[in-house]
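Undergrad: Can you read through this structure? Questions will come right after.
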Amino acid sequence: GAMATVGPRSFSAAEVRALCAQGACLVSCHRRVYDLSGFVQLHPGGEQLLRRRAGTDVSAALDGPPHRHSANARRWLEQYYVGEMEPGDEQVPPGGAGAAGGTGSGEGPGDVPGWCVGPTVSASNHCLFPQDLVDWQKPLLWQVGYLGEKYDEWVHQPVDRPIRLFHSDLLESLSKTAWYVVFMVWTPVVFYLSWVSYTSLAQGNTRLFSSFTTEYSIPVHKYYFPFIFLLGMILWSLLEYLIHRFVFHMKPPASNYYLITLHFLLHGQHHKSPFDSSRLVFPPVPASLVIGFFYGVLRLLLPEVLGLSVFVGGLCGYVIYDMMHYYLHYGSPKKGTYLYGLKAYHVKHHFEHQRSGFGISTRFWDYPFQTLIPEETFKKED
């Protein structure tokens, strides 16, 4: 934040309380103070949970339950570092006794001097972004290929800052998309093509297997349309899983500059900066090429109206997926709802389990492909 550029300053307990009373969300971890005001809405555990901890020491809470925070999450926290508690004021008294859920003096495995981090990450106090192997003042797309072996680890250490990909303003603007653009571009297409499919089926001359045999071909009635549409949506959900797992998460060979660059363009950028709101949905121009390709495949495989009906269901599935993906990053679903669970699941994919949890709009395909992110368990003696 802006405060961090001035260099660390010291905070008294009273000052932290006063700032929190004004609506800021400051927390401490051991002696270090963090300003989470800009982050609360994005917090996967929900804004309320974080607001309740405002002004407290969160060192114990980071280890859970309900959630043991990953090394990436602790690294993420460092971006909001603003200073130190004044000596003797380490534990800002919580709102209610013990609200921070644990000892304030910070015994335990997380007690690494100078960094609010578990034992897995070395203490690094010299810089807010210890993993900066690139120059953030310049476009990133042409730099990442030079990272070689370091690319895979670097790209999976998320940061909270916008990404510039291209030198050219035109290309840069084409690579960014507001979430509602996807909805505005593709929803009319879904409605129009649904109407075309339904009216074609209503003419009653669509038959299955007619290319092999006329005697045994099966007529396809117009009231089959919703089922064919639904089949398209189910096929999309499988495609979503397969593309995310095998294309977006291919591990580019360290020696191949171009494949690393391609990976960063397709998906690496989203893992590097998961909350860059202009890069959460697919830009319609490149999307239309991919969508056109799948339309062509379905037209080849199925009689025309049938192919179109499956296609339009798939397109509808895609629109729902892109809207959901945006919401999983930026929305605050209510605790206990389906979307709340999906949000926690998807954020774990970003911060901790990048080699599993590939389902986004549904976890369904993670089961048969055995890539489900395991539920967290906490032993009593923890």
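In case you wondered, yes, glycine gets a Cβ from its N, Cα and C as well.
Just so you know, TrEMBL annotations are computer predictions that nobody has curated.
Copying in the features that TrEMBL gives for the protein in this structure:
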BINDING   His244, His249, His267, His270, His325, His329, His346, His350  Zn(2+) 1 binding site
BINDING   His271, His349  Zn(2+) 2 binding site
DOMAIN    8-86  domain 'Cytochrome b5 heme-binding'
REGION    87-112  region 'Disordered'
TRANSMEM  178-198  transmembrane segment
TRANSMEM  223-243  transmembrane segment
TRANSMEM  280-302  transmembrane segment
TRANSMEM  308-328  transmembrane segment
Undergrad: Between the Cα atoms of His244 (Zn(2+) 1 binding site) and His271 (Zn(2+) 2 binding site), what distance do you get, rounded to the nearest Å?
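TA: A Cα-Cα distance of 12 Å.
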Undergrad: Taking the Cβ of His329 (Zn(2+) 1 binding site) as centre, how many other Cβ atoms lie within 10 Å?
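TA: Result for His329 (Zn(2+) 1 binding site): 20 neighbouring Cβ atoms inside 10 Å.
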Undergrad: Could you tell me what the rest of the chain brings near the transmembrane segment (178-198), counting residues at least six beyond its ends with Cβ under 8 Å?
TA: 222, 225, 228-229, 277-278, 280-282, 284, 287, 305, 308-309, 311-312, 315-316, 318-319, 322-323, 326
Undergrad: Apart from its near flanks, which chain residues at least 6 from the ends of the transmembrane segment (308-328) lie with a Cβ under 8 angstroms of it?
TA: 179, 182-183, 186-187, 189-190, 193-194, 196-197, 200-201, 225, 228-237, 239-240, 277, 280-282, 291, 294-295, 298-299, 302, 339, 342-343, 346-347, 360-361
Undergrad: Tell me the residue counts in helix, strand and coil for the domain 'Cytochrome b5 heme-binding' (8-86), as DSSP assigns them.
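TA: Helix (H, G, I), strand (E, B), coil: 31 helix, 17 strand, 31 coil.
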Undergrad: What's the CA-CA gap between His271 (Zn(2+) 2 binding site) and His350 (Zn(2+) 1 binding site) in angstrom, rounded?
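TA: Answer for this pair: 6 Å between alpha carbons.
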Undergrad: Who are the long-range neighbours of the transmembrane segment (223-243) in its own chain, taking Cβ under 8 Å and residues 6 or more past its ends?
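TA: Contacts with the transmembrane segment (223-243): 194, 197-198, 201, 294, 306, 309-318, 320-321, 358-362, 364-366, 369.
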Undergrad: Please compute the mean pLDDT of the model over the domain 'Cytochrome b5 heme-binding' (8-86).
TA: 89
Undergrad: Which residues, sitting 6 or more apart from His346 (Zn(2+) 1 binding site) on the same chain, put a CB under 8 Å from its CB?
TA: His325, Leu328, His329, Gly357, Ile360
Undergrad: Which of these binding-site residues has the least crowded Cβ, counting other Cβ atoms within 10 Å: His267, His325, His349?
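TA: Among the binding-site residues His267, His325, His349, the sparsest Cβ neighbourhood within 10 Å belongs to His267.
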